[in-house]
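Here is the structure we will look at, set down as structure tokens.
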Amino acid sequence: MAGMRIIFMGTPEFACPTLQKLLDRGEDVIAVITQPDRPKGRGQQTLPPPVKVLAERHGIPVMQPLKVRVPEVVESIRSLAPDLIVVVAFGQILPKSLLDIPKYGCINVHASLLPRWRGAAPLNWCIINGETETGVTTMMMDVGLDTGDMLVKRSTPIDPDENTQSLHDRLSVVGAEALAETLDLLTAGKLVREKQDDALTCYAPMLKKEDGLIDWSKEPQTIKNLVRGMTPWPGAFSFLDGKMLKIYRVGTAGGEGTPGSVIRAGREGLEVACSGGSIVIEELQLEGKKRLHAGDFLAGYKIAPGSILGKKD
């Protein structure tokens, strides 16, 4: 099985360590397929996906179809005669006509311990849900949403203060290692496929900005998990005096008060009452202001005890 012709499909930063691992191993990556360049940031400057940047740095041909399922795109992929397609956070559903092309199928690197957290945002939802362990699963793709046979699993603990960004960075490397192990087993003829138990699954849908609105009637740990799971995007938030207050890092405490009311505001942070305790906001950003540690923010912006955080009026 030496010299497999591999097509890599991926788009964001999460996919880059796996592509780099393939290149470091000397695999024959014949093409990279990624999403089109898109406007990003406040200036809406059109930027290439990170995977495209990495591929071009190594002289690999890049395709950027608007829709990978259209017949002419499928046929252009077929003409490349890949033995294997590796998919990491590509961002489009692959049709059966494409899945059937490579001799050894299409292998996906998914950022959860399947069958838990199928879907687009597994990193966020496992943290929001308060889980203490997650990982990466490689799987043989089928036409369902993350329903294919599992191949290799790598687990890792989730730190109590870890947010989605740091978990993303760690799992991107774990995913690359899991894919390398999967290829070694495939090459040796020792790859074992394990069916997923649909009864054990849960879904991780794409997040929307409004999902980050904090409900102060929840318990401290629930709110902390939401903040961790929403950082860096789409961000947890509340409103203070009609202005959006983005909240990036919090601790839990045992303060008492009406949910959403400010208990104290000082160098240690902004303490806000919730159900069964309180939240100490440690890092925040008020609408129109810079992101700051709470102590630095409060040195120049006074918030009186009794002030209310909540929904926009």
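Cβ coordinates come from backbone N, Cα and C, glycine included.
Annotation source Swiss-Prot lists (6S)-5,6,7,8-tetrahydrofolate binding site at S112, L113, L114, P115. Just so you know, the Cβ of L114 ((6S)-5,6,7,8-tetrahydrofolate binding site) picks up 26 other Cβ atoms within 10 Å once every protein chain is counted.
Summary of the (6S)-5,6,7,8-tetrahydrofolate site environment: with the site residues S112, L113, L114, P115 set aside, the chain residues having Cβ atoms within 8 Å of the Cβ mean position are H110, R116, W117, R118, P122, G135, T137, D146, M150, K153, Q196, T201. Within the same chain, the residues at least 6 positions away from P115 ((6S)-5,6,7,8-tetrahydrofolate binding site) whose Cβ sits under 8 Å from its Cβ are M150, Q196, D197, D198, L200, T201, listed in sequence order.
Annotation for S112 ((6S)-5,6,7,8-tetrahydrofolate binding site): spatial neighbours R118, P122, L123, C126, T134, G135, V136, T137, A204, criterion Cβ-Cβ under 8 Å with sequence separation of six or more.
Counting only residues at least six positions away in the same chain, the Cβ atoms of E133, T134, G135, V136, T137, K153, S155 sit under 8 Å from the Cβ of L113 ((6S)-5,6,7,8-tetrahydrofolate binding site).
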